[in-house]
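Let me begin by presenting the structure, written as structure tokens, before commenting on it.
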Amino acid sequence: MRTLTARASGYSMDEISALDAEDVYRALKTSEDGLSQSQAEILLASHGKNVIEEEEKTPVIFVFLRCFTHLMALLLWAAGAVAFLANMRELGIAVWMVNIINGVFSFWQEYKAGKAAEALRKMLPQYATVIREGQECKVPAEELVPGDVFVLEEGDSISADARLVQCSDLQVNQSTLNGESTPVRKSAEAIDADGAAGQPAAQIPNLVFAGTSVVRGNARAVVVYTGMNTKFGTIARLTQNVEDTGSPLQHELNRLTRQITILAMCIGAVFFTLDVVFVHSQLAVAFIFALGMMVAFIPEGLLPTVTLALAMAVQRMSKRNALVKKLSSVESLGSTSVICTDKTGTLTQNEMTVEYLWTPDREYQVTGGGYAPQGEIRSEGRRWLAADDEGLRRLVTAAALCNDARLGPAAVPVADGVEAAGNSADSTSSRKGDVDDNADSRDDGDDGNTGRSVGVGDDGNKSDEMNGNAGHNVNATDAHTNVDNGGEDSKIETVKVAGAVDAAAAAVAGNIGDDDGDTNEDGDGTAEADDNGNGVQGGAANTGPAEGKTDNESAVSTARRQVYGDPTEACLLVACEKAGLSPEREAKRMPRKHELPFDPQRKRMTVICADADTDARGDGGDGAGLIAFTKGAPNEIVALATRVRIGGKDVAMSDEQRTAIMAANDAYADRGLRVLAVACRAVSEQEMDDNNRDSGNSNKKRGTGDGVSVSNDGNSNKICAADAADLTGIGSSGTVKTGDKGDGAETKNAGKSDAANALGTNASVAADDAGIAALCTPERIERDLTFLGLEVMVDPPRPEVAQAVQTCHRAGIRIIMITGDYGRTALAIARRIGIVRDKHARVVSGTELEAMSDDELTAALRGEIIFARMAPEQKLRIVGCLQDMGDIVAVTGDGVNDAPALKKADVGVAMGITGTDVAKEAADIILTDDNFASIVDAIEEGRAVYANIRRFLLYILNSNVPEAVPSAVYLFSGGLVPLPMTTMQILTIDLGTDMIPALGLGTEPPEDDIMRQPPRNPNERLLNRAIVLKAFFWYGLLGTAASMLGYFFVNMLNGWPGVPLAGLGNDLDPVYVAATTMTLASIVFAQIGMVWNCRSDTRSVFSIGPFSNTTITIGIAVEIVLILAIINVPILQGVFHTAPLHGAEYLYLVVIPVVVVGLEELRRLIVRRVGAGTGASVSANAGATADGA
């Protein structure tokens, strides 16, 4: 046994992976019979529970109290208390209500944040099946310990990091670790220690990890790590350790409120002193006066107004497919300077599409996108159908028949000449015997229309038994797939899917290179299998189950039709439809007899079909009845081909033709496209008979009674039953599966199974086809092929993405693609949509990033760059580095592995359709359509929100001047000018009349040039010098002049200066009450003009339209009604100390907004003509300029 290095957390996974099964048992002090109960209890006590630990959180009560005890809140509590002591109950209540409203808003925002870790915990299963003391039993997953032997079955979620010791056709969805939904093939074989060293753990084939799920097969594994020591625990820790530092807007509002609070306290202290010294007021009276001054300078309505404005922006964004969880993130998104985005499904349609067809005769361009059948095949300036060209017909037919995918019904008619297919589920399910036209591919397993069952041959290799009436689905048991169609209230559609397809069967199409962005290791630019034998290249879209699904066959919901199986294969069916053929008709015309499944070493797949078309074989043969269709990596297919179809004839393939084919392949590969080569070969009955005699029928399966196919040559065989109806005794699903749990349709022990015995008894029915299966080896069939052509595919960009990318460039926003795809594909898509414009753009793989220092990464991030194959901690590092460079970073993601980066980002954007619950919890915003263009729309909305916050900040602050100046006049006059406004009247403006118009400013649409300006400087202050100047020394002075003139106007109407001014401030004097009422009303009407002035930075209110913003119009109307009620309703007159006004006074009020707007319009006109001014821009991106706003 190898010597292991002990560690506190266990053994290195690299070391464990290099051991044989027996050595693994010894290293972890266990055995095939598992741990004893007492051992498990001891280990549980020492290692702890297998759970994701919760991060320590501040108790909710402390969070609540904190929202009511900050500096501004304490000041308002004190002010309210003083008001009560001074017998001003209404004022005290009003001030405290302001405090309560602000506190509740703040608490709600904090309470909703930080739930990503809870979502992570929910992903781990509650129970696990283990072997203890030789017995199989279920235990709570949290009680798993290192050394436990646990049993994995199809559909199980894996509860801990473990080393496989037994394995049968195991495929695992590891998207939680690497973000890729492509199933990974696993093996229990030990691997070379040197090969494991330094290799990402997820790529080691004999290891499985917590949080992943079994897509296919079964296994036993020994637990190595549990809880926070697992890879899943590492992701959880990364997510938990990311501190929520708050949004830029939160920081600015906190800073602003602190500044204003301190300023108000200073002003209050100064005015208290002046009142005592100059007016000789009593201390209590002076204190109340000082309190009024403080209240006048504190914008009590600021936080509620900002919050409500953000909430309204959230409603608008929801209509643009962006759901906002955290209000402050709206503005943060508007400040974004860098977007780190995924590729598949966000920038692209996540619908593989055949873009070109290539035959030795000509190249065809295929129009249309996705799985919709609309589109044409065009070449030489015209449309082509299969009937127009035999080479085209052979190519699309072969690709459609050598295919395991299925398409749901098309929403619109397919290409001309093809009858609409009700459901193309049969299109790739060609079988010997009749095909049930009415068979629904989504029916339950009890109708016999299930797929082939998977067993294990005596030699340990896979063998498949295929029901003759079955759809071509790999797993016998039907599974239910929940398809989330996205949206805020997503409707979950339950679709019954007949098991998994060979996920890698056609994903070999990926002519994309390794992590370094080059071609594959062979340097031929052709498709290759990955290290785990998946045969998947270039991040083929959705080649496996989508994250969050436990089904074995991916059901991809599209707007037009549903796809079952590998999307790469599905697009080949669509190409067949566009050529004017019906895939299901072709499948019925040439039913499948046998299949050689995709193999990562062979890099190809072959089917043998009944040959209904002698000419299709191209050999002018004798009408023999079988034909083999092969598709796979171009270099492999070309190497096996000896003939090529040119000009309607099959001719011997020359070296020049081989070179031409590979040159075409390389040209497509260089553009990041995926290429499949397609070939065929006639297989005569005579040939099969000769082979049969040569083999001595040694491989034919006869009635063995064990339900297991027998393979003597080590190859994977399938036995096709001629007629499922004759296989009496088979369970309701009509399937037999060995080595798995029985449920009536499947039996644990094939030797004891009635179904297996029935199959053995009736095996003679399928003798001929069984003979074909036994003889159909790759060596016999995949030779002397006739090359038909190339099918060239791409996951096309979304139509609107290129324009959205251009908008980002104009807005000064950089886009960095961070993808799980191979670098070469990512670079091609990035160039195509305009993300990358520099021909020297860099592609960095996860391995390369690991070797880079922070300084090197910072330097690389200054140029155009794409990141491929990134681990969670690497994404986190990239985001952190960008933030250290001063960028405001938005990150998109959909998987568990994205959660740390989503939480670290200034704005995390999760996908609503494909996103996991973990990603959605970690994110601030959720896109309901998974579309990059929606991010750009949200950025525009975010910029508008920031501009609007500045607008109503300007609007709210300017009224502080006319509220404060009259009090200063009172002081410096030594009381000769009685106080023009009461404290209650000041609050009436701040919390009453100003609120709704201010909210109306929050709904102002973006300026036309808002996305042609660079992102705002994150260090720029929300309240900058320009806004202060405009609020206090222009708008504020206009309001002050209007209010003071109104105050003296009422006094003049009542005999001043012949009588004492305002009755010298006697509260019971009707002239004084009327004068204060006029001051209040004048400020309100001045604010009506101000709200129109604040609507745009530079444009005239008349060019915008004074009444074009309905919310502002309603706000003005409410403002007028409210002030009239305060003036004229007796009960309100008592509360606010007001009195009715008369005709001349109302006429004066009507003139105020006209003058305010007129003077501002004149100023803007002068600024536009002179080119300079003293105004301030309140735009989101140019707040410090003085452009005449």
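Quick reminder: no glycine exception, Cβ is built from N, Cα and C everywhere.
Per TrEMBL, the feature domain 'Cation-transporting P-type ATPase N-terminal' maps to 15-88.
According to TrEMBL, the feature transmembrane segment maps to 63-85 (among others).
According to TrEMBL, the feature transmembrane segment maps to 91-108 (among others).
According to TrEMBL, the feature transmembrane segment maps to 260-279 (among others).
Note on the transmembrane segment (285-311): residues 72, 75-76, 79, 82-83, 86, 88, 95, 98, 101-102, 105-106, 109, 249, 253, 256-257, 260-261, 263-265, 267-269, 271-272, 275-276, 279, 327-328, 330-331, 945, 948-949, 952-953, 956-957, 960, 963-964, 967, 979, 982-983, 986-987, 990-991, 994-995, 998-999, 1001-1003 of its chain, located 6 or more positions outside it, place their CB under 8 angstroms from a CB of the stretch. Feature annotation from TrEMBL assigns transmembrane segment to 285-311 (among others).
Residues or ranges marked as region 'Disordered' in TrEMBL: 420-488 (among others).
Per TrEMBL, compositional bias 'Basic and acidic residues' is recorded for 429-442 (among others).
If you look up TrEMBL, you'll see 509-558 (among others) marked as region 'Disordered'.
The compositional bias 'Acidic residues' annotation in TrEMBL covers 513-531.
Here TrEMBL flags 686-713 (among others) as region 'Disordered'.
According to TrEMBL, the feature region 'Disordered' maps to 731-755 (among others).
Under the heading compositional bias 'Basic and acidic residues', TrEMBL lists 738-751 (among others).
Positions annotated as transmembrane segment by TrEMBL: 1031-1050 (among others).
Sequence annotations record features per position, and here TrEMBL assigns transmembrane segment to 1070-1092 (among others).
The feature transmembrane segment is assigned by TrEMBL to 1104-1127 (among others).
Within the same chain, residues 1038-1039, 1042, 1046, 1049-1050, 1053, 1070, 1073-1074, 1077-1078, 1081-1082, 1085-1086, 1088-1090, 1092-1093, 1101, 1127-1128, 1133 sit at least 6 positions outside the transmembrane segment (1139-1159) and bring their C-beta atoms closer than 8 Å to a C-beta of that stretch. The transmembrane segment annotation in TrEMBL covers 1139-1159 (among others).
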Number of helical, extended and coil residues in the domain 'Cation-transporting P-type ATPase N-terminal' (15-88), per DSSP: 43 helix, 1 strand, 30 coil
Chain residues outside the transmembrane segment (1031-1050) and at least six past its termini with a C-beta under 8 angstroms from it: 953-954, 957-962, 965-966, 969, 980, 1056, 1062, 1071, 1074-1079, 1081-1083, 1085-1087, 1089-1090, 1093, 1145, 1148-1149, 1152, 1155-1156, 1159, 1163, 1174-1175
